[in-house]
Amino acid sequence: MRWLLTSSALLVPAAALVRPDGVGRTPALGWNSWNAYSCDIDADKIVTAANEVVNLGLKDLGYEYINIDDCWSVKSGRNTTTKRIIPDPDKFPNGISGVADQVHALGLKLGIYSSAGLTTCAGYPASLGYEEIDAQSFAEWGIDYLKYDNCGVPTNLTDQYTYCVPDSTDGSNYPNGTCVNLTDAAPQGYDWATSTTAKRYQRMRDALLSVNRTILYSLCDWGQADVNAWGNATGNSWRMSGDITATWSRIAEIANENSFLMNYANFWGYPDPDMLEVGNGNLTLPENRAHFALWAMMKAPLIIGTPLDSIDTSHLTILSNKPLLTFHQDAVIGRPAYPYKWGYNPDWTFDPEHPAEYWSGPTSSGEVFVLMLNSEGEVKTRSAVWEEVPELKDRGTKKNSKEKKGFKVTDAWTGKDLGCVKDKYEVKLQAHDVAVLVVGGQC
């Protein structure tokens, strides 16, 4: 089965899950507890993160969701009478609603986590079969965002067929994005929106729509069951791969996979390459920078996953980049940046180690963002040639003219005015680093 999209792919005319007040129209911005603390969470850590989002200026930049991930409930089971999930009284002595009150008082929103199975990934009670009860609980507690995972699925509710997700988390090899050893592929024309996986997620969607509160719905089915085909009608974002880790190899692999899904991203629905690892692990500063820039240009949800009360200034600077956040949240243009040249590889090569290196995307202000990545492990030169950038090649000087095409260019990282750049912009990049250019008017 071939998963790889082609260069001729057009925008997908999928039905979108449109919510009131613009909720989910642009990609989510926020913070989540998992990459920072895993299961070691409590009310104090969540409220501290919320306060830091305000104190560090992140709220002013648009970050708004403070999301509680797995391990927030009593692990032994539900209330035997009401069947409701019980918040852990040791971790959350005032319940989830108590945390919601504090988060809302800061002008922020609160998110929570469950799974479309019997248990969560950490073994806590999940929502399969209790969708309406849990949606009502979430609404009553003041929840604004639900991350819905794919763990704890009973064997009688697994899919009849297997969809090809070319991701290393299952240990297989995927030559150029294909699943050569897939033995139970769906027949041609099969509608994955009717699959058991899709129905599990649709049940929670319907439950959330039935309550008197707008809750952003973030699907986390790891790309299974061709979620790209039905995710936009079901949720506001959908995971397209297995979990991220704080390693460059994994970040590059996910960026490569997601680069072939950009035609699915637009207002109200976004493929999700997982939460940010900026500030975590042993990532170099260039790798942190490249990670954030790629996610922002792909218009992925930008969900911070590091302890904010101890964040390094250099990492905060990356997360606070105004030009990239402005591109990411453009209220007029919903499409993300697209790769226009692979650089290290021939175009349209599926390579987990070397994702597409040249990206561009338009803005409502008329500027064009151009990203150049050095996917190699040593210093390399990269060049943005204006005639190769789709949004620029038809502007200005005619192709047959001897005069070189020039544009006003600004460095998105430093804010430095690079002046009138003729023909191309060339830069030396450290291993796994990026340059992001804001290309303005002709000069």
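Cβ coordinates are placed from backbone N, Cα and C, and glycine is handled just like the others.
Swiss-Prot records a disulfide bond between C121 and C151, which is the match among C151, C164.
Less than 8 angstroms from the CB of A225 (substrate binding site) sit D159, Y163, W192, S195, T196, T197, A198, each of them six or more residues away in the same chain.
Counting only residues at least six positions away in the same chain, the Cβ atoms of S115, G117, T119, T120, C121, A126 sit under 8 Å from the Cβ of C151 (disulfide bond).
Of all the recorded positions listed here (C39, C71, N176, N232, N282), N232 has the Cα closest to the Cα of Q224 (substrate binding site). One way to see the shell of the substrate site is to take the Cβ centroid of D221, W222, G223, Q224, A225; the remaining same-chain residues with a Cβ within 8 Å of it are N150, Y163, V165, T197, V227, R239. Cβ neighbours of N212 (N-linked glycosylation site) (same chain, under 8 Å, six or more residues apart in sequence): A139. Secondary structure from DSSP puts N232 (N-linked glycosylation site) in a helix.
Each residue contributes its Cα atom, and for N181 (N-linked glycosylation site) and G223 (substrate binding site) those atoms are 18 Å apart.
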